[in-house]
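Colleague: First, the structure itself, so that you have it in front of you.
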């Protein structure tokens, strides 16, 4: 069979862009996008994306050029996930909650040629552009009015080249979109959140995004024509690749500019939402919403981004949400590990089910392999649920590498074929992975490795605590000790004291894991996707000095 080799008919490049054309054929008259009073069908979305792609190409945007977008979860943001790569360009969705200085650095680093800007981010982008180096080329700006309002190109300032509507109106609906020459061609550029360090440019190819999109649908068991609520920002790892996934299954995208628990519950009731995604902070918001009542119909919710406390999972599911839990990174374009549920677990007590579901799980069906290894030797750690190691993985959705950072790429993607995530975890005897911390968040107290996540889980079980995060505080004797930052629920008649919270932890944790310090905050600092920015809290803890300077050295 040596003569049987790949041929053009069997090696068409894998790309998720074809999902849109199929959606227009199969689900043409079905609703694709809803945003306030605005709605489109899949035929209309397909036509709009072709017009937009043709206009982008007519501006001199070539294969490999970066096109950026600064916008929330509005219809234009959804359309650009197709239109930009359909023009042969690389989509760069920018976190709109970043400050102007950081945005300026990212845009300059990416050499972005064109930037689509939501009308509420006008001042932000102009400030960012003003911070460009003097000799640096400035990208052209496209103004995006809110489609639910009467905004048009007359609102444009001289800084903007044209409006989004202009590009749609003058585009060619018969445009032949640019098929990648190779499935390995770059399609997406995302920057990491910067929760632990400076953001890095992560490049994904058409093949990787295709694999992640299909994998996400299979693993979550997404049916045809779901109603999907956009609570997860599309600028965060491209919404875990669900923009393309919703086209593949002909779903309805319910777009939201912003949300809170009241808006979410209203959207669920109004549109019959079946699916949504969000970080554990969204689950915490929903489960603590004033006057929340159990849902009349089940809503599937996928959570990831941080290890969810089992207490939060328990409260959320008691309201009628069916929670699925996964794990992924910007570098994997979405979730590559999920807590695959076993039927026999249904018969366990609710608290035990929540504990099992809080584990990250096993590799998804299209993820080649995951493991937990000793970061020094590279050997797999014991599958005992307690031996810590670094989480490593390999698979088709892992990034091509970091933009303009060969050293960083080589450090994380080693010669032995593994991608080193920087996350610390354990492997349980049943083969399920559990994330314990980021490597920078592990607390080493008296020579013991201490998981901040385990302490946080206990804090979240306290009836008065809304949010909790634990970091290391310097200690002259122990090296480091746990320092807890908490925010309390609203409307408490009696607020717990630091001593009471410490006593609560002492009743449920080994002595060395009990926080020596509890700091009360109105709200914890978070990224736009709900991840607590622990580097800010670590700086605060360091500023407190030693926890036991001149004090008792005994373990609590």
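Cβ coordinates are placed from backbone N, Cα and C, and glycine is handled just like the others.
Checked Swiss-Prot, it gives:
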BINDING   192-200, 325-330, 423, 435-438, 531  ATP binding site
REGION    260-325  region 'SBD1'
REGION    326-402  region 'SBD2'
Colleague: Would you mind checking how many other C-beta atoms are within 10 angstroms of the C-beta on residue 192 (ATP binding site)?
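Modeller: For residue 192 (ATP binding site), the 10 Å Cβ neighbour count is 18.
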Colleague: Just counting, how many other CB atoms are there within 10 A of the CB of residue 437 (ATP binding site)?
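Modeller: There are 22 of them.
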Colleague: Provide the three-state DSSP residue tally for the region 'SBD1' (260-325): helix first, then strand, then coil.
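Modeller: Per DSSP, the residues of the region 'SBD1' (260-325) fall into 27 helix, 14 strand, 25 coil.
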Colleague: Using Cβ-Cβ distances, find the residues under 8 Å from residue 325 (ATP binding site) that belong to the same chain and are at least 6 apart in sequence, listing them in sequence order.
Modeller: 302, 303, 304, 308, 313, 338, 339, 357, 358, 359, 360, 361
Colleague: Do you know the DSSP helix, strand and coil residue counts for the region 'SBD2' (326-402)?
Modeller: 16 helix, 26 strand, 35 coil
Colleague: What is the Cβ neighbour count of residue 423 (ATP binding site) at a 10 Å cut-off, with all protein chains included?
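Modeller: Excluding its own Cβ, residue 423 (ATP binding site) sees 22 Cβ atoms within 10 Å.
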Colleague: List, in sequence order, the same-chain residues at least six positions removed whose CB sits under 8 Å from that of residue 328 (ATP binding site)?
Modeller: 237, 240, 304, 334, 335, 336, 337
Colleague: Restricting attention to the region 'SBD2' (326-402), give the mean pLDDT.
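Modeller: Across the residues of the region 'SBD2' (326-402) the model's pLDDT averages 92 on the 0 to 100 scale.
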